[in-house]
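Enquirer: The structure's right below; bear with me while I get my questions together.
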Amino acid sequence: MKRLTILAATATLLSMTALASAAETANIWVRADGSNFMPQIVEAFNKSHENQIKLDIIPNAEIVQKYATSAAGGTAPDGLSLDLIYTPAFAAAGQLEDITDWAKSLPYFKELSPAHVKTGTYKDKIYGLPFSADSSVLIWNKKLFKQAGLDPEKGPTNFAEIAADAEKVAALGGEIKGFYFSGACGGCNIFTFTPLIWASGGDILSADGSKATLDTPQMRDAIALYRGMVEKGLVPEGAKTDSGANFFAAFAGGNIGITPSGAFAIGALNTQYKDIDYGVTFLPGKDGGSSSFAGGDNFVVTKGTPKLAVLKEFLDYAYSLEGQTLLASRGSLPVRGDIAKEALKDLDPRYQIAAEAMAKGNTPYSVVFNDIINSANGPWAQMINEVFFGDDVDGALANAQETMQGIIDAGTGQ
Amino acid sequence: MSSISAKAGAMPAAPARRRSKIDRGHWVGLLYIAPAIVLVMVFFVIPLGMTAWMSLHNWPLMGQHRFIGLDNYVAITKDVRFWNALKFTGYYTVIVTIAIFAVAFPLALFVEKPRPMMGVYRTAFFMPVVVGFASASLLWAWLLNVDSGLFSPAAQELGLTEKRFNLIATFNPAFWSIIVMVVWKVAGFTMVILMTGLQSIPTELQEAAKIDGANAWQRFRSITFPLMRRTVALALILSVAGSILAFDQFYILLRGGPRNSTITAVYWIFNQSFVSFKLGYGAALSMVLLVILVVLSLIQLRLLRNPEGT
């Protein structure tokens, strides 16, 4: 059904672009994660503007390869909504247009999401501007909390409370489990597990991404939390081998007490799982505090495109109050701090927590992010599985530290 | 034989005429094989040449490439994870080839003899072969799923395990699940190859041996197996080459897990090329794998050559 809507939306867009032949048309791409909001904002833009945008939705796992091959063949799109963590790698490869002047000329430049601008900057030049945003948060099932005798309106605020609440919920028995995470998914855990470390005061990479710092007390505390819950049987058996397929679906099934997730889940639960009563809170540190992974997409421009003016017009629209509100209503948090409150004021209040998490969020910076973190066979993915379920935490940490540092030192080879 | 007699027959003809005849024959022959040559050039020789060329470059997926000579090959010698992947691929190849033959040979013996419902058996055993590896892997991904699959919940319901057992969470159950799946998928194909070999053995030989008092095992050892050498060689080379190039099932079913313990050589090449974006290095790895494969095939051909050298 969702796919049908996307198809229909794309078809409408195509026919609309065909009509407006007099004006200029710029091609843009977005990864499939953006299919919730991108067709809508493109459609709204095309309706109200003479210049047009033609949108293609590309499967998440294929967008980098597809972009690289089309760039080599001279058929790359004019612009691209790119997972922000890839911006440094793309800029380093010389694929992107330097848009420093444009970015700095925006009156609200200082108000744009700092995580996006940080990853959009390579060697002091700006190659990407914030487009969509997603932050990691902790969500809990209020119905199960009530059944377990917990206060359904109060989410956990530190590690001990997470473990205690999860244990009470799991005690309900049957198919019901206390806690869920995708134990074989590097991307999921950089999004939801590292904030536990950040909130406790640690980090996994140095600020410039040149040093891996995995073996820290904060890391070990967060590991102890997860291991403890696994040992007590509070986590479903399937978590061990979940490479991300159940990242959202497990909680949506209604049998999970607590799970770390993202702002996107608010939109998805509200539209597709209306019967789940859930709360949203910050991902806490060991003794309180909070942090979040500030994720989402940067808008980047292909080097040498002749359609820069159209793209500017489109981005101006996306940054307007109208555009920011539209994006927020489809599950993408506002990226302009100065109008975030206004854009969110008529929406589900739980978005406010996600927006606040976004503003305080953190984003690791690395030109080899895909290699060290996201790859299903990278050191991060291997380490999290070993430290959560294996027998040798020390060995796993040491091994991951060494492999990760090796990849960072080898760099992109350019 | 026929070529020799043709040559002998042409001997008395005048040298000049003979040459033009041969020339014309050459050109006609060339014309006939031209489509095949074009196909081989476009889809094999040129890509192979490009791979070799790329392997001498630092060739990122994005951006400029530059010539670096043999640096990629030097890097391969130090790439521990590639050699580990190769080691695992070797282990997998040995186990899966033995398993396939252990299942396919009895099946071939079973379906070779005329018996009622023979067609049904042959079709049933061959059926999984026509399923693509990717779709078969997806089917098994569901069967093996710990929460919503078949095996784990069934084992629990039947009281075989106390709680759900996650088959793909540790190396041995995950590895053997793949072996079972591959045997299910491939044994039918090997069975058909072996069956044609069995059918080409003249029945008189078997009957004569029977009359001489040879028992079933003696007949198998002294007649069936020696006469099937070539067929076995073909089946073996296909199976070994296919196993060394294994990728789909490990990628789709296990994602190289648990904990990167099932990464095959091709999987590593894929990762280097499309996860780390190092196409040049991936090309160099492919060349190394190609050489290994060619050497292995030559060894197998030599070992299974008929003793008389025919």
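Each Cβ is built from the backbone N, Cα and C atoms, and glycine gets one as well.
Straight from TrEMBL, here's the annotation block:
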- B:27-53: transmembrane segment (TRANSMEM)
- B:86-300: domain 'ABC transmembrane type-1' (DOMAIN)
- B:91-111: transmembrane segment (TRANSMEM)
- B:123-143: transmembrane segment (TRANSMEM)
- B:174-195: transmembrane segment (TRANSMEM)
- B:231-254: transmembrane segment (TRANSMEM)
- B:274-299: transmembrane segment (TRANSMEM)
Enquirer: Short question: most Cβ pairs under 8 Å with the transmembrane segment (B:123-143), which of B:27-53, B:91-111, B:174-195, B:231-254, B:274-299?
Expert: B:174-195
Enquirer: Tell me, please, if the transmembrane segment (B:231-254) and the transmembrane segment (B:27-53) are in contact, taking contact as 3+ Cβ pairs under 8 Å between residues separated by 6 or more positions?
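Expert: Answer no, regions not in contact.
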Enquirer: Counting Cβ pairs under 8 Å that sit 6 or more residues apart, are there three or more between the transmembrane segment (B:91-111) and the transmembrane segment (B:174-195)?
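Expert: The answer is yes, given that the two segments have at least 3 Cβ pairs within the 8 Å cut-off.
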